[in-house]
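Novice: As listed in Swiss-Prot for this protein:
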type     : residues                                                                               : note
ACT_SITE : ASP351                                                                                 : active site, 4-aspartylphosphate intermediate
BINDING  : VAL304, ALA305, ILE307, GLU309, ASN795, ASP799                                         : Ca(2+) 1 binding site
BINDING  : ASP351, THR353, ASP702                                                                 : Mg(2+) binding site
BINDING  : THR353, GLU442, ARG489, LYS514, ARG559, THR624, GLY625, ASP626, ARG677, LYS683, ASN705 : ATP binding site
BINDING  : ASN767, GLU770, THR798, ASP799, GLU907                                                 : Ca(2+) 2 binding site
DISULFID : CYS875-CYS887                                                                          : disulfide bond
MOD_RES  : THR441                                                                                 : phosphothreonine
MOD_RES  : THR568                                                                                 : phosphothreonine
MOD_RES  : SER580                                                                                 : phosphoserine
TRANSMEM : 49-69                                                                                  : transmembrane segment
TRANSMEM : 90-110                                                                                 : transmembrane segment
TRANSMEM : 254-273                                                                                : transmembrane segment
TRANSMEM : 296-313                                                                                : transmembrane segment
TRANSMEM : 757-776                                                                                : transmembrane segment
TRANSMEM : 787-807                                                                                : transmembrane segment
TRANSMEM : 828-850                                                                                : transmembrane segment
TRANSMEM : 897-916                                                                                : transmembrane segment
TRANSMEM : 930-948                                                                                : transmembrane segment
TRANSMEM : 964-984                                                                                : transmembrane segment
Amino acid sequence: MEAAHSKTTEECLAYFGVSETTGLTPDQVKRHLEKYGHNELPAEEGKSLWELVLEQFEDLLVRILLLAACISFVLAWFEEGEETVTAFVEPFVILLILIANAIVGVWQERNAENAIEALKEYEPEMGKVYRADRKSVQRIKARDIVPGDIVEVAVGDKVPADIRILTIKSTTLRVDQSILTGESVSVIKHTEPVPDPRAVNQDKKNMLFSGTNIAAGKAIGIVATTGVGTEIGKIRDQMAATEQDKTPLQQKLDEFGEQLSKVISLICVAVWLINIGHFNDPVHGGSWIRGAIYYFKIAVALAVAAIPEGLPAVITTCLALGTRRMAKKNAIVRSLPSVETLGCTSVICSDKTGTLTTNQMSVCKMFIIDRIDGDLCLLNEFSVTGSTYAPEGEVLKNDKPVRSGQYDGLVELATICALCNDSSLDFNETKGIYEKVGEATETALTTLVEKMNVFNTEVRNLSKVERANACNSVIRQLMKKEFTLEFSRDRKSMSVYCSPAKSRAAVGNKMFVKGAPEGVIDRCNYVRVGTTRVPMTGPVKEKILSVIKEWGTGRDTLRCLALATRDTPPKREEMVLDDSTKFMEYETDLTFVGVVGMLDPPRKEVMGSIQLCRDAGIRVIMITGDNKGTAIAICRRIGIFGENEDVADRAYTGREFDDLPLAEQREACRRACCFARVEPTHKSKIVEYLQSFDEITAMTGDGVNDAPALKKAEIGIAMGSGTAVAKTASEMVLADDNFSTIVAAVEEGRAIYNNMKQFIRYLISSNVGEVVCIFLTAALGLPEALIPVQLLWVNLVTDGLPATALGFNPPDLDIMDRPPRTPKEPLISGWLFFRYMAIGGYVGAATVGAAAWWFLYAEDGPHVTYSQLTHFMKCSEHSPDFEGVDCEVFEAPQPMTMALSVLVTIEMCNALNSLSENQSLVRMPPWVNIWLVGSIGLSMSLHFLILYVDPLPMIFKLQALDLYHWLMVLKISLPVIGLDEILKFVARNYLEG
């Protein structure tokens with residue numbers, strides 16, 4: 001049934017053809033079940049394990065690796081002799097890497113898919129219905145409830161479907177619907193129609209929503225919608241329809257993979273074509289096909305050399321280390337790539353309640369009457385410190401602490417706060433914090449009584465558990481609460497009837513009243529001045545109301561409560577307590593005592609964090625279900641808006657936003673910093689508009705209502721105290737619910753991206769070097785300088801360790817003073833590409849040079865000529881060109897060992913170069929990252945391992961080197977540091993300014 005909130009109760013009953021007293025007939029139930037289906041959210045069609053595994057191989061880099069592994073595998077089949085074992089090492093290792101990566105990926109995805117299932121926990125198990133086949137109420141499974149059913153709900157029940165209230169069987173009906181609307185206090189419901197067809201959920205005061213909880217009272221209603229038709233069902237549909245986009249990093253790596261694959265394909269084809277003339281060389285036994293296969297193997301080796309196999313693993317490790325660092329700062333990251341996305345966040349959309357504020361209502365101002373002189377009324381105004389439920393804070397007058405017990409008016413005010421109250425404080429020993437038991441507003445009054453301590457109770461030696469209600473207990477021992485007149489919408493107040501605890505006390509019975517100021521003050525005939533009561537006159541009333549108006553608007557926007565006493569209430573037996581319409585009569589002839597102003601105060605550290613965001617070029621938008629006045633006031637308090645800034649086109653309610661034409665809605669999202677009275681759909685819409693401007697949006701939320709927007713935003717941030725649905729739809733959970741933690745996480749994200757750039761570039765310049773090396777040997781016709789298994793070892797192990805250690809580079813000092821980087825910024829700019837080509841060219845030439853040096857000049861080398869070396873394929877016993885040369889020398893392990901040692905040593909020098917993109921090693925010495933120094937030591941140790949520990953030299957086709965060779969290795973390798981220093985100097989002085 002659409003728009004049930006706008007119809008009368010009679011229209012709703014007529015729509016389903018049902019009577020409130022008897023309910024649906026079995027025949028109607030059957031028809032409705034066929035028409036509307038069961039009252040449950042359908043199970044999500046998750047991806048099968050096989051689909052998830054296949055998805056992990058959609059990455060281009062991974063596919064190229066897979067192809068290389070398959071080809072290597074096929075070629076290994078045709079190997080003969082002792083090479084067979086080593087030939088299988090390469091495809092086997094590549095496959096192992098791919099499998100490990102896929103496992104990590106599948107595990108991440110599986111976690112993400114649990115989001116929609118978590119909604120199930122808000123589906124109630126049972127419901128109480130009236131049906132024609134039974135005289136009394138019956139309990140049935142919630143899934144069997146159908147539209148048109150007459151349902152009964154009472155305090156503590158979970159609402160089983162979206163229900164239009166027909167009758168309220170108690171004084172009031174309060175519902176906690178914070179999971180759905182984000183309202184911080186429970187909502188009072190009624191039965192009258194709400195004529196606005198476009199009312200937001202917060203304004204549908206005659207509806208109960210599926211999954212919300214009844215906080216007080218009892219009611220009967222008719223089911224309007226079930227299952228997917230309910231508000232919580234609509235949220236599920238939104239979540240199911242939201243596809244996760246790739247993170248900026250994933251997009252970058254995909255682009256990079258594409259470029260790499262094109263370059264690799266070109267080089268492989270080029271190497272193969274260059275050598276067509278050598279296919280018939282004697283070394284291949286004169287067989288053209290064997291020659292073709294030989295050069296095909298070299299092309300595959302090239303592909304292996306060009307792909308940074310270690311890159312996926314190093315990125316995963318770096319992100320995982322980043323998540324650990326963030327967890328220490330209370331930010332728990334659920335999906336690894338989002339760690340880096342945080343670094344380019346340009347807009348943070350934050351919930352107000354609990355994130356920017358403490359979600360702990362507290363009284364911050366109060367006043368009592370000081371004296372009345374004719375028409376002149378003077379007030380005593382006090383402010384109260386402390387912004388949580390902890391009973392710690394001071395009462396200040398003119399910014400100086402005062403003892404509340406000195407003021408008779410404050411003693412009475414504290415008495416009313418303590419007695420006209422059903423809530424209390426509780427010290428949670430596991431969390432180590434004070435928590436509310438009951439209503440937020442009432443708990444604020446309980447906390448105020450503890451801070452005031454009007455009877456100077458000795459509290460210093462009490463334990464935290466005893467301290468929670470110490471001062472309230474003293475007041476409750478003096479007066480005994482007889483009964484409560486519950487809050488009702490018509491009089492907007494509640495009261496308690498109290499008698500003195502000691503029978504011969506000087507005071508008689510009293511009624512203490514608290515409620516909305518305008519309602520209570522209208523029923524006050526007197527005001528309390530000290531211990532006397534003075535008649536309430538027009539000017540006095542005006543003065544009181546003007547202060548309340550001032551507190552309720554402007555910067556403070558406090559929620560004010562008036563407190564009053566009826567000094568001589570009627571006798572108890574004269575009062576009719578089961579008729580709430582009479583309560584107004586009993587709460588008349590009141591004496592006004594004072595007013596308290598409370599708010600959900602901003603967290604202390606938020607203001608500094610907002611300033612940090614401003615410096616870092618990040619816009620903060622507050623989004624809340626609260627009303628606009630409160631929202632703007634909090635924005636001014638925390639620095640989103642200036643004190644006197646005109647916010648005409650920078651703050652909107654959900655309704656105002658909807659009324660704008662589409663083009664203006666887009667513009668509003670570009671400018672605005674505050675949205676109030678919003679619904680879940682608004683949040684998703686705002687994210688969509690921001691994304692259309694290429695903004696990277698972080699969205700916070702804690703309720704079920706926030707889940708679609710959390711899923712849609714690039715970074716969904718859930719609160720630690722939030723619902724399971726919000727947590728599972730998000731990328732990050734704030735353990736302490738604190739906005740400042742987001743800012744710390746953004747800083748960490750930026751540092752991670754910078755470090756990631758460094759190690760990606762480090763690995764790539766290494767691969768460029770390997771490619772140049774293989775290309776040169778093939779183009780010049782030299783013997784192989786490096787074989788695939790050696791390249792794999794370098795790419796995975798020797799390069800992998802320093803690359804991972806580069807993830808520990810300290811963040812730049814000005815990291816939060818720069819604007820967010822644009823997601824479109826390339827990983828490697830033109831100048832950097834030139835730099836890697838230059839360094840890579842040197843690496844390749846040095847590696848080939850080291851191998852050639854052994855053939856041409858080494859003491860223990862064969863001293864062949866350059867011509868013999870470049871035509872070694874033609875070498876045979878009978879060739880006059882190779883007289884006195886043993887052809888087997890061209891397959892000796894020494895030149896390969898020289899080449900590999902130079903490659904590894906240069907890579908270690910390169911790792912030092914990568915400490916900073918443009919800073920000289922003189923300014924940023926190696927020991928700023930001690931992990932890097934350690935990893936270089938470890939990499940060199942592993943290199944010595946494959947040189948000097950049997951049987952490794954045989955597997956890797958290497959030979960032990962002596963000091964003479966090592967000195968040559970250093971001479972060839974160290975110049976790379978000088979070369980990079982020159983390039984950094986150019987970048988610093990000619991390109992950065």
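Keep in mind that glycine also has a Cβ here, set from the backbone N, Cα and C atoms.
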Novice: Take the mean position of the Cβ atoms of ASP351, THR353, ASP702, the recorded Mg(2+) site. Which other residues of that chain put their Cβ within 8 Å of it?
Specialist: GLY182, LYS352, GLY354, THR355, ASN359, THR624, THR700, GLY701, GLY703, ASP706, MET719, GLY722
Novice: Given the transmembrane segment (828-850), which of the listed stretches 254-273, 787-807, 897-916, 930-948 has the most Cβ pairs that are under 8 Å apart from it?
Specialist: 897-916
Novice: With the transmembrane segment (964-984) as the reference, which stretch in 254-273, 787-807, 897-916, 930-948 has the largest tally of C-beta pairs below 8 Å?
Specialist: 897-916
Novice: Spatially, and counting Cα to Cα, which of the recorded positions is closest to ASP702 (Mg(2+) binding site)? Options: ARG559, THR568, ASN767, ASN795, ASP799.
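Specialist: Ranked by Cα distance from ASP702 (Mg(2+) binding site), first place goes to ARG559.
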Novice: Quick check: in three-state DSSP terms, what is ASP799 (Ca(2+) 1 binding site)?
Specialist: coil
Novice: List, by number or range, the same-chain residues at least 6 past the transmembrane segment (254-273) whose CB is under 8 A from its CB atoms?
Specialist: 59-61, 64, 246, 295-296, 298-300, 302-303, 306-307, 760, 771, 774-775, 778-779, 826-828
Novice: Same chain, outside the transmembrane segment (930-948) by at least 6, Cβ under 8 Å from its Cβ: which residues?
Specialist: 793, 797-799, 801-802, 804-806, 808-809, 897, 900-901, 904, 907-908, 911-912, 915, 955-956, 958-961
Novice: Looking at the binding-site residues ILE307, ARG489, ARG677, ASN705, which ones sit with their CA no more than 10 Å from the CA of ASN767 (Ca(2+) 2 binding site)?
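Specialist: Those near ASN767 (Ca(2+) 2 binding site) - Cα within 10 Å - are ILE307, in sequence order.
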Novice: Would you list, in sequence order, the residues of this chain other than ASN767, GLU770, THR798, ASP799, GLU907 that have their CB within 8 A of the centroid of the site's CB atoms, where the site is the one recorded for Ca(2+) 2?
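Specialist: Other same-chain residues with Cβ inside the cutoff are LEU763, SER766, GLY769, LEU791, VAL794, ASN795, LEU903, VAL904.
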Novice: Rounded to a whole angstrom, what is the C-alpha distance between ASN795 (Ca(2+) 1 binding site) and GLU770 (Ca(2+) 2 binding site)?
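Specialist: About 10 Å separates the two Cα atoms.
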Novice: Quick one: largest C-alpha distance among THR353, GLU442, ARG489, LYS514, ARG559, THR624, GLY625, ASP626, ARG677, LYS683, ASN705, binding ATP per the record, in angstrom?
Specialist: 36
Novice: Does DSSP give THR353 (Mg(2+) binding site) helix, strand or coil?
Specialist: helix
Novice: To the nearest whole angstrom, state the Cα distance for the pair SER580 (phosphoserine) and ARG489 (ATP binding site).
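Specialist: Their Cα atoms are separated by 11 Å.
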Novice: Out of THR568, GLU770, ASP799, CYS875, GLU907, which of these recorded positions is nearest ARG677 (ATP binding site) by C-alpha distance?
Specialist: THR568
Novice: Using C-alpha atoms, which one of the binding-site residues THR353, ASN705, GLU907 comes nearest to ILE307 (Ca(2+) 1 binding site)?
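Specialist: So, of the listed binding-site residues, the one sitting closest to ILE307 (Ca(2+) 1 binding site) is GLU907.
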